[in-house]
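Written out below as structure tokens is the structure these notes cover.
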Amino acid sequence: MSLTSTLLKNYFCRNLIKIQSRQLNLQEYQSKELLRSNGCVVQNFFVCGKEEKDLDKLFDKYDYQEYVVKAQILAGGRGKGRFINSQFKQSGVFITTSQEQAKFSTLDMLGKRLVTNQTGKDGVLVNQVMIAESVPIKREAYLSILMDPSTSGPVVVACHLGGVDIEKVAERNPELILKLPICINKGITGEQCEQVAEWLCFDNEAVPYAAKQIQKLYEFFIKVDATQIEINPFAQIDDGRVYCIDAKLIFDDNAAFRQKNIFELDTCEEMSQNEILAKRFGLSYIPMDGNIACMVNGAGLAMATMDIIKLHGGVPANFLDVGGSATVEQVSNAFKIVASSNDQKIKAIFVNIFAGILRCDIIAEGVIAACNELESNIPVVLRLKGTNVDKAKLMLKNASQLKGKFEFYESFEDAAKRVVELAGGGGNNEQVKKVKECCGR
């Protein structure tokens, strides 16, 4: 997991729901290709897909002294992961000096599901494997550039300990981490690049190489509208050069219109059907592990909704923000996503709307349109406030197909309690107790 989430934790209670941003994530090999094309130093590598017919011919083009075989999935922890039904009993990262073993490892990974601490028990299907040339690493460090909400601009985060769980370092030894805010108008200076390079404890002859790479990485960060570039490890090799060994890039979805070449790299392979539909309809949707589906307008209210569900012992099934200017069609599609009969885990739906520009009657019309197409018996708790609320309630109450399915509540708290009750949750369990203590309740 990256340090981005660590920085964001400063804004939220740790026992509440962790919110992820809806952003484009790339596979490691795609990140490396982008870095290389923008002047950053990466290892030699090639990619093998499950459709590859002649593995021997592919490998014959690359004669490495040592091979690093890495499964390509959008999740961390690959090196400690495990494959389901693997003949080789390997993790998602395999290092060998034998080309034959590298081939065998590649074949064994392709088409199998890799389980890590970030994937869930079913794992993620591996469709591509990256085979990289191993380089003689002398010293590993951690480097990232990300957008920091506290400074409203880029910040460089550096630590001389690389290849480790940076979150644990941040918690246990925060003094080892340099956080250097950068003026987004002026950009990073040569002096700042050298300051970061020296913090990483590289040998003297490697500092200029590192500073140059830091400059290149920052220029790339700005050029492509990234929200995060994480290099872990950022490594000095035996001859003093500095490499970006493992790269993770995240981009702002709002930049898609001017970064078309990058966003075309998103194949949606690892997205659920609901995520794909939400993306198609312009909705912000993130799946979670609970059984209470949520449809809300506004990210702040959506987070508050999930927090209060947790407060009363329930578990949200998703983050879904329809936004402030949704159309009837978008609202209808949003409701169909959360009420999908294909998702058997959903036991109750919470529609929580505070209407301003997005009027309550638009919500009502969209929900009614969705229910005309759905055959769902999932109970719905609905709380509407704001513009045209009385008109919306009348529309919903007069819709014969909704009778007996919807319950209306004025109070946010009462609505949350009821939806948790309908989902079979609640009670004074230990988790609820911790959350209430965290909130000072």
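Heads up, the Cβ atoms here are built off N, Cα and C, so glycines get one too.
Under the heading ATP binding site, TrEMBL lists LYS70, GLY77, ARG78, GLY79, GLU140. Annotation for ARG78 (ATP binding site): spatial neighbours LYS70, ALA71, SER91, GLY92, VAL93, LEU114, THR116, criterion Cβ-Cβ under 8 Å with sequence separation of six or more.
Cβ contacts within 10 Å of ASP246 (Mg(2+) binding site), excluding its own Cβ and spanning all protein chains shown: 24. The Mg(2+) binding site annotation in TrEMBL covers ASN232, ASP246.
Sequence-distant contacts of ASN297 (substrate binding site), defined by Cβ-Cβ distance under 8 angstroms and a gap of at least six in the same chain, are ASP321, VAL322, GLY323, GLY324, ALA326, ILE353, PHE354, ALA355, LEU358, ILE363. According to DSSP, ASN297 (substrate binding site) is assigned to coil rather than to any helix or strand. As annotated by TrEMBL, substrate binding site applies to ASN297.
What TrEMBL records for 25-235 is domain 'ATP-grasp fold succinyl-CoA synthetase-type'. On the 0 to 100 pLDDT scale, the domain 'ATP-grasp fold succinyl-CoA synthetase-type' (25-235) averages 93 in the predicted structure.
Residues or ranges marked as domain 'ATP-citrate synthase/succinyl-CoA ligase C-terminal' by TrEMBL: 295-413.
Largest Cα-to-Cα span within the ATP-binding set LYS70, GLY77, ARG78, GLY79, GLU140: 19 Å. Rounded to the nearest whole angstrom, the C-alpha distance between GLY79 (ATP binding site) and ASP246 (Mg(2+) binding site) is 12. DSSP assigns ASN232 (Mg(2+) binding site) to a strand.
Long-range Cβ neighbours of ASN232 (Mg(2+) binding site) (same chain, at least 6 residues apart, Cβ-Cβ under 8 Å): TYR142, LEU143, SER144, GLY162, GLY163, ILE166, ILE245, ASP246, LYS248. Counting only residues at least six positions away in the same chain, the Cβ atoms of LEU161, GLY162, GLY163, PRO233, PHE234, ALA235, ILE245 sit under 8 Å from the Cβ of GLU140 (ATP binding site).
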